[in-house]
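Enquirer: My questions will all concern the structure given below.
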Amino acid sequence: MKPNGTSSNTPPSDGNRHANGVHRDGIHRDGQGYNGHDVDHLLADEIGDVHGAAALDTPMRPDAFDLDDDTKIDLIEEHFREIMNVLGLDLTDDSLKGSPRRVAKMYVNEIFKGLNPDNKPVATLFDNKFQYNEMLVEKDINVQSYCEHHFVPILGKAHVAYISSGKVIGLSKLNRIVEYYSKRPQVQERLTMQIADELKRVLQTDDVAVIIDAKHLCVSTRGVQDLNSTTITASYSGKFEDEATRQELLRYIG
């Protein structure tokens, strides 16, 4: 793994943030020969392949939590049943008749539970009594997310590191923070930055690094159907902006 030297099409949101990573080729079209309707469709398709269009915050409506979870499950079940009907599936079949409900519950209670801020992990800070002032690295944290463009899985590993400013958190909270931001429709650049920002907020330090190496099933199971490629994104801030500190981290996770 060598995140150094890659570039991101996601602009930093402040002067101290660096997000290094690349996902797919940029767009080079002048739009000539297309009518307005065609251009709209092309842009929609291409935004799905260029992640720079995604902001740091997950796009949510202001009324996103006006409905309780049970109501959301009922509505998703109804709409997913209609999708299956349109596809021509026989919903009286024993194998399929419960699928709309299963999918709805999975969406709300499992794979997209990170959309609900009530599920955000509470991280308790402890004094760094051991006076451990070196880098702490948690590597190979499981990442299971879903591409927000095609709603298929993103599967990989996250490596997170920080240098204590006098406070520490339990190791499992690092995993839970990664899981929380993964359990929602995502793009990998945003996921990387959201994890990094949350760690900086919780740990009260800018000395944080996050690296994600993941396979996107929207690449491997559709489109180019590339089974081998993975995507690497990284965020370095504070002391991790120093080349020697970054190289130390990369040796640990390599």
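Positions of Cβ are set from backbone N, Cα and C atoms, glycine also.
TrEMBL annotations: computationally assigned, not manually curated.
Pulled these from TrEMBL:
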REGION    1-39  region 'Disordered'
COMPBIAS  1-13  compositional bias 'Polar residues'
COMPBIAS  22-39  compositional bias 'Basic and acidic residues'
DOMAIN    76-253  domain 'GTP cyclohydrolase I'
BINDING   Cys147, His150, Cys218  Zn(2+) binding site
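Please go over these features one by one and say how buried each is and what sits next to it.
Expert: According to DSSP, Cys218 (Zn(2+) binding site) sits within a helical segment.
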Enquirer: Please state whether DSSP places Cys147 (Zn(2+) binding site) in a helix, a strand or coil.
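Expert: Strand, per DSSP.
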